[in-house]
Each structure stands twice: as C-alpha cells, then as structure tokens.
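Q: One structure coming up, written as structure tokens, with questions to follow.
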C-alpha cells in the first residue's frame, strides 16, 4: 500500500491468433491488467467465442451434477493448494468426453438403483401382506370354531388372473383382494368400500410393523395390510376401482397355506438376491464417485479459468487483415516489463511463429485506481473502500487507517485485561493462518473474524495500551507507581469525623494530600472513589475533543498533497487555507482553552475555575463581560478569531469559482501551450483531472477551450462543499464525544459484569 | 519533589515515543513495505504520546479530590504508604 494509487498506462496488446489463448492464460495467472471492452455494441450472443463459452457452461453443468452426487455419497473432495492452469484447447475435448461419460454412467447407475429399490419394496410389501393375511385367515378359522359367525369358506380353485379366488359351489364367486395402503387413508377407504359395495364386502386390516419408504415421495410412512373379501364379479370390479383410486399396492392372494408358504419362500430368496445386487450397485457407484472426486476439484478450477479466458477473448477485437487479436488494457507502469514477459511466455507455450507484443498508447481517459495490498493491509483497505474508492492518483487514506482505526477503537474499549484476551485470540488466528486457510470453513461469522485477524490484533494491542492509561484491567486498577493522593495527610487524628460521616473527600488544597500526577495514566485511587465519574467524564470528554480536532486537522492537511499533485496550487490558498483557518480558529482554540485550563488552574483557585463550555459559547455570542476571563486579553483574541473564522467562509464559498471565472475570461494566468491544447475538465473535486505526464511542468489550470465554463455549476458545487465542510466540522467534532460515551459504557458494563461474575464464581467455588 | 516526578515522567515518555517515531524509522530496511511501516511507527508514536499526555495533564492540577467511603479511608490509611 502506498501513499497514492499507482500510475497506470493504456496499452495495446497484439495477440497472434494461434497463441492468444495461452497469452491470456499467462496474463490471467499473473493478474496484472484490466481489459477494456472493445466490442461494446455487440451483444453477448453474437460475440466470437460464444460456442466455446457454451461448451464451458455445459461442462460446468455436468460438474455441478457430479459434485452433488459426490456430496450425497458423503465423499470428501480433496482440494489442492495450487490451482491448476487452464487447459489448452486440445485437452478440453478430452475433459469434455470424460465428463460426459461420467455423467452417462452415473445417471444409468442411478436409474438402475432406482429400479432395484422399487422391486425390493414390492417384494417386501408382498411378504408382509402374506404374513399378515395369514393371521387374518387363521384368526377367522379360530372364530369358526366358536360358532358360525361367518360363511363357510370351502376349498377353492384359484383364478390367478385377477388375483381373486372363486368359489363355485355356492354359485357365486368369493373374491379376495389384498394389498397395502397407507395408514392415513385407511378409514376413508373403509368408508368408501362400505358405501359403494353396500355391505357385500368385508375388510380386515392390520398395520405393518416396519416403516416402509414410499419411493415416489421419499417419505417413510406406516402402511396397512388389508384383505377384502367380496361376493360377485361386479363388486369385484368396483373394489378394484376403489383400490386404484386410493393408490393401493395390490398383490395376488394365495389360496391355501401351502401356496402361501411357497410364495413366501420364493419371495425370501428373491429379496435376498435383490439386496445383494443393490449392495453391489451401491458399491460400484461409490467407486465411480470416489475416482471422480480425485480430479473433480481440478476440473472445476480448469473449467472456470477456461470460461474466464474466453470471456476476455470476447472483449478483444479481431483484426482480420493482420490475423491477430487486439486488446486494450490498463496496466500499471511499473509492471510493463512483467507484461512483456508474460506475453513472451504465452507465445512460447502456444508455439506461435510470431510473438505477441505490447504497445503503450497515450490516453485522456481517467485510468482505474490500483492500490496494491498484502494480507496485512487488505483488511484496512477494504474498510476504507466501504466509504468509497479514491480517484486516480489521489492520496489514499488507507495507510493511516491502519493505526487510527484500531487506536480509536482502543480509546473506546480501553481495558488492559480484555485487550490482552483479544490480542491473544488474534495472535492465535495469525499464527495458525496457513492451517485455517486450508480448512476453508463455511461458518460465516468465523470467516469474518478470520479475515479481520490483523485488524483485531491491532485493536487488541492498542487496547492494552489504552487500558494501561485508563488504569482499567477487568474493571480494576493497577497501582504500579504509587498513588499521588495520600489519605494519611488529610485524616490524622480525626476519628470523630470518620465516625460521623459516611463519605469524605480528599482536598488537594491541604499540603501533602496530592503529591503529583500519577506518572502513567489515571491514578488508581479514582477506582475506589465515589465521585469517580465526575473526574473521568470531564477528562474523557476533553480527551475526545482534543483527539477529534487533531484527527480532523490531519485529514485537512492531507488534502494539500492532492492539490499540489494535481497542479492546482490555487486550491491551497482558496480551499485549504480557509478550511484550516475555520477549523483551527474555532475548535483549535477550544483545544487551546482545554490545555490552558489544565495548566493554569489548580486546587487553589478551583472555586474560580471557569467552565470552558460557557466561555466557548460566549465567544460566539461575543459576550462575556460579566465572567472572569481565563487570561488577560481573552476578549480581544476571541473576537479576532471569530472574525477570521467568519471571513474564511465566504472565501471558501466564492474564492474558487471567482478565480476560475477570472481565468476563463482571460486573466493573467492564461497560458497557451505550444502546438496543441489539452482539454482538461475543471471540476470541484480537484481530483479527476487527466493524468499529467512527467515532462509537462505547468502551474495553474489550462484554459477550457472546448467546453463552456459553467459558472453556476461551479458555484453550486463549491457552495455545497462549503456548507458540508462547515457543518461537518461542528457535527464531527461533537461526534467524537462517542469516544467518551463508549468508554464509559464499557467501564460500567464490565464493572457490573465483574461483580456478578466474581460473586458467581465465588459461590460456585464454595459449593465445590 | 512532585515537580521532579512529573519532569521525569514527561521526559521519559517524550524520549521513548520520540525514539519510536523519529529514530526507528531510519533503521527500517528498504523493501516494498518500508513506507507503510514508517507511517505506522510515526502515527503510533503521535497517537500514543498524545493520549498519555492528555491523561497526565488532566491530573496535573486537580480541582477536586476523590470522595472515599469511610471503610476505604480506614483501609488506605494503614495499607498505603
């Protein structure tokens, strides 16, 4: 990360048609350049390499299916450290073939498995049905022995086509229909049967113990085996229809016990065979998936890279006469050598007769902003970019954020003990980062913490420091140097005072009570004082204002570097100076008053110590004759400062527009360039000017020739900037008080927490 | 006596952060990260020094003292020097 974003140049790449794929692959691996779209008017379906992209997408689809199957089988996909390169076009067909074959195999095996499963289910249901209907028949025969409650069922001949058995003797056929139905439908089924068949059917049913999976929906539900016995053919048809309607699985009902036993036996062997086959099929599937999973990751990355390369190739324009592709890229100037090297490498790999080359061209467009980051600075850069990306060659605030962001956090957090805990946690994350990177956890919260590990480490370290200064370690204070307040000096031989009062205050006016400020941080006696917050509030509020004003001035000063870089020296006088004066005359003076009061007023004249806030307010209202001044000459100085601040506002508002208008009209600063004129856009933000070349040393702003200088526009922009700045000064200074507020909240929360936790731990300890 | 303690504290801290912010940057080896490291050192020195300075100046001339409960006073009288 550097002071400002890198210098970029526009370059043209001439890629020979044989080796363009390899050249782009090399460039992609290095990640050097940004391609511009040379075919903006062409829709994505008409571009040159559409068919290749379609092929890549087809492969991606197959890979997606493959990965899903692998995941379903709970096989882990090994991921390698280095990502493989994009495959050359001839290898692509191989991969495509492999993938298609795999897909076919997988779908076939899956289909077979499905069929086998269904078969198995049928056989299982049949077995259950046979077993359970056996109990029906036998229970009925038991009932028969008690008394003739049912009709006699003499031996029958089978009529195996429809699964019914007929009874010839009575001249009417007795039919049986047996099968399985879902548990939830049984009552409705029974009712329907009763209504339709008008009592000519008998339904008996019993629940199956085992839970069978319904293959169509994948649910596991309870089924019920039923046996319907009925008289007559027509009733038989009606019963069939009703069974179809309720989606019952019907199976042929055996006549007698021997047949039943035979069928049961054959079923058993068939089920066993099926189980075997199913088992083998699953094993085979697993093997196939295992083998595929080894190269699945490689394929995924390769296909992705290939697709990216074809997308980039689509952005290039095809120069038919020269038989080569032309691409326009933005490249950092410092990386031009690397770019040339990459092209040479790509040409070599692609076996091109003529190597590809690069040609730098001048441009008036604003190049993109490039800020290189490493693993430490990337977190801070992303925080800064959340507020907006800087313009080309603008000063980047990110290197300062590395320190100020954790520092301001620590001012609000300020606890030695908790800071150490945070630092250790972050340190652990940093030291094991290689391992954690490999693990690639899917937990989002953990990923967030891990990506910000350096930020958290900095925050923890600064919190340790601010915790030392606030003298706050798990809400307790450390007494390292010896307190500056002495109780003995104040209360010698005053037992009576001690007995009659519950609360007494140390008075620094007495000699010996206060022996000097604690050398590092807040005195530990304040932790035990009842009026601790009065002191701390005053201290922390003033500290917040001081830190805020210093921080804001730093930011304003940084803008000077922008003005100087973009060769707009007039901005220094017309923008920077009024801004700085406004800020310092008002809030800088407030900071001065804070320091003055700390240094000049002590315990002796504490009764006359003035309130800074009242003085500050009086400064604006230009009153204050009735209160004692802080120092002689205060009134005069304050009026002077207020006038300067007030005057800087119109300068800020009107200075720049009027100056630019004067230039436009042909003021003294007009300069014509020899030979050619360059058009520069003059905008309010000072930062979007075209890149200046090193040999053009020129002050001021070139005249705007081809564009109308819109005074109203410039004035509007400048007035918005002025109002924003002035109001922002005031409100931002006040908002720094959050440093006080949050550190107060933290201290309170953890002091109450501590009491609770400590008492809880103690009670637990006594119990054990 | 009090003045000397204060003077010692101020000079020690000023010296320390002065070295961190002003002397150590000269010894950072040349490399791609030199600019970042120097920025970090200077900013750390400025921030931490300012923070400490505010804390000690706020306590230099206290306008009022701590109000302690009687038990605390008894304890401190005998346990603190």
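A Cβ is built for glycine as well, from the same backbone N, Cα and C atoms used for every other residue.
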Q: Of A:208-235, A:236-263, A:264-291, which range does TrEMBL call coiled coil?
A: A:264-291
Q: Looking at A:452-470, A:471-489, A:490-508, which stretch does TrEMBL describe as transmembrane segment?
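A: Spelled out, TrEMBL records transmembrane segment over residues A:452-470, not the other listed ranges.
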Q: Which range is it, out of A:509-534, A:613-638, A:639-664, A:665-690, that shows up in TrEMBL as transmembrane segment?
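A: Range annotated as transmembrane segment by TrEMBL: A:639-664.
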Q: Looking at A:372-390, A:543-561, A:695-713, which one does TrEMBL call transmembrane segment?
A: A:543-561
Q: Looking at A:92-126, A:127-161, A:162-196, which one does TrEMBL call coiled coil?
A: A:92-126
Q: Can you work out which residues elsewhere in the same chain, 6+ from the ends of the transmembrane segment (A:573-596), have a Cβ less than 8 Å from its Cβ atoms?
A: 542, 545-546, 549-550, 552-553, 556-557, 559-560, 563, 612, 615-616, 619, 630-631, 638, 641-642, 644-645, 648-649, 651-652, 655-656, 659, 686, 725-726, 729, 733
Q: Please identify the stretch among A:407-431, A:452-470, A:639-664 with the greatest number of Cβ pairs below 8 Å relative to the transmembrane segment (A:543-561).
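A: Per the Cβ under 8 Å count, A:407-431.
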Q: I'd like to know the mean pLDDT over the coiled coil (A:92-126).
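A: PLDDT averaged over the stretch: 87.
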